[in-house]
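Single-structure report; data block below.
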Amino acid sequence: MSGDGDIASVMGFSGFGKKARTFDLDAIFEQTRRTAIERSQHVQQKGESSSDSDSDSDSNSETIGPPLPPQHKAHQDDDDDDDDDELVGPPLPPGYTGNTAHSDEDDDDEGDAQDEDDDNPVKKIPDTHEITLQHGTKTVSALGLDPSGARLVTGGYDFDVRFWDFAGMDQALQAFRSLQPCECHQIKSLQYSITGDVILVISGNSQAKVLDRDGFNVMECVKGDQYIVDMANTKGHTAMLNSGCWHPKIKEEFMTCSNDGTVRTWDLNSEKKHKSVFKPRSFQGKKVIPTCCTYSRDGKLIAAGCQDGTIQIWDRNLSVHTKFHCRQAHTPGSDTSCVTFSYDGMTLASRGGDDTLKTWDIRNFKKPVNMAAGLTNYFSVTDCCFSPDDKLLVTGTSVKKDEGNGKLVFFDRASFQRVYEIEVTNASVVRCLWHPKLNQIMVGTGNGLAKVYYDPVKSHRGAKLCVVKSKRKEKQAEMLTQDYIITRKSFHTLNVLNVTYFSWINWKTNDQSASLLIFSRYMISQCLLPQ
């Protein structure tokens, strides 16, 4: 340390750097404790004084400016007692005695009414507007709409399949293509695949066809050997087809059912042989004919309605024994025209040839959950469908010629009450399709019409695209013609030349009689000409 002092004195400064500060921690703690005690005592005294004295609502805030006059202070106290909500906007006029609570109640009532409308499924039916597509003159027995809702395809008893493009049509409502893919066989079913790139065509022959979006052939199923007794040992159907549909999850797989007593699944990439075979059987074990078939929404179950009145359901991967079987679903001998699953997959709806519509719970498949009778059905392809929200069930009714109008009937799924109906036309309603994305209803009728019902507010695209386009003007052929005007003078000159030429020819050939005859005819014609 003495050395450091000597160095500092020699170099002319007193020390190296600043000296570190020292703290007395005990004194700091004591000072903090005393400050806290004094502050707590001060707060306690202030609380006691405020509880003894009368205070206004804003006594805790410091008053700035001169004191308020007594009248204004009284009004302020009344406002504070009325409500604690701060009023927004200019003050009410002096003579106004109304209460804003009434407007709030009205708003609540309107909201409740709107909620009731949302809960009422009938309000969601898009039937305020319609367009009519003229397919032909015979029954429209098949309808198909692609998943996006851009194209509609119709088929009928006239063997024709017509393609309709909503975005490309105008108010003339003309199909852009018409063809006969199955020659002289009635079309029974049309359905787009889940990707919308191909169409399954089921007709009255034994071979199903697959077309692309423009109607060109993609695949034709092989025909089976009709001399083989066991239908499981033949590669395809041997009798007329009744129905068919695509798998809801696998885009290459589809299913068909036929009068040969089998339900077969197919792969789009293998047209030489079916994928699997399901054989419906009666209670005695005999062969029965399936008239309709469908997949469940998840694609794990296969359901078929049969001619003996039964509905049989298989596991898609187990084709031997049925998983669910109802033996008295409909009247034996009547063609069950449609079976379809609800969107939740728990309910199965069946449209029978015995003029009934029934719903079934597949978890308790012995008896129907609900049933509606008196729904006339004259067609083997009359179908039914669920609404997109699964609250309504829709089907069509049949009528004889000039005996009334065919109707589209709506049933509440829970109560199964007939809640609504639409009179479509003076013919039977055969096909119906409610597209979930467009929220539009397509209907096929017995007089060759395909109607589309929509609502400008609730529906999207589809028919709304073509009704706003005006008709295209027809292009007329333009022909340029040149008229030649023949005057009396030019006509006389032409005759003179002709007569002179022929007379000279005949005279040279020593045929004087012919030349004299020509010359006399010319003179007579000159006399008969108008002056």
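Keep in mind that glycine also has a Cβ here, set from the backbone N, Cα and C atoms.
In TrEMBL, annotation is done automatically, which means it is predicted and not curated.
Record features, source TrEMBL:
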| type | residues | note |
| --- | --- | --- |
| REGION | 36-129 | region 'Disordered' |
| COMPBIAS | 77-87 | compositional bias 'Acidic residues' |
| COMPBIAS | 104-119 | compositional bias 'Acidic residues' |
| COMPBIAS | 120-129 | compositional bias 'Basic and acidic residues' |
| REPEAT | 133-165 | repeat 'WD' |
| REPEAT | 234-276 | repeat 'WD' |
| REPEAT | 283-315 | repeat 'WD' |
| REPEAT | 339-364 | repeat 'WD' |
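Within its own chain, the repeat 'WD' (133-165) is flanked in space by residues 173, 175-192, 194-196, 199, 201-202, 211, 213-215, 379, 381, 428, 430-433, 435, 437-438, 440, 442, 444-452, 460-462, which lie at least six positions past its ends and keep a Cβ under 8 Å from the stretch.
Predicted-model confidence for the repeat 'WD' (339-364) is 91, expressed as mean pLDDT. Sequence-distant neighbours of the repeat 'WD' (283-315) (same chain, 6+ residues past either end, Cβ-Cβ under 8 Å): 242-250, 255-259, 261-263, 265, 321-345, 348, 350, 352, 360, 362, 365, 380. Mapped onto DSSP classes, the repeat 'WD' (339-364) shows 0 helix, 15 strand, 11 coil. Per DSSP, the secondary structure of the repeat 'WD' (133-165) breaks down as 0 helix, 19 strand, 14 coil.
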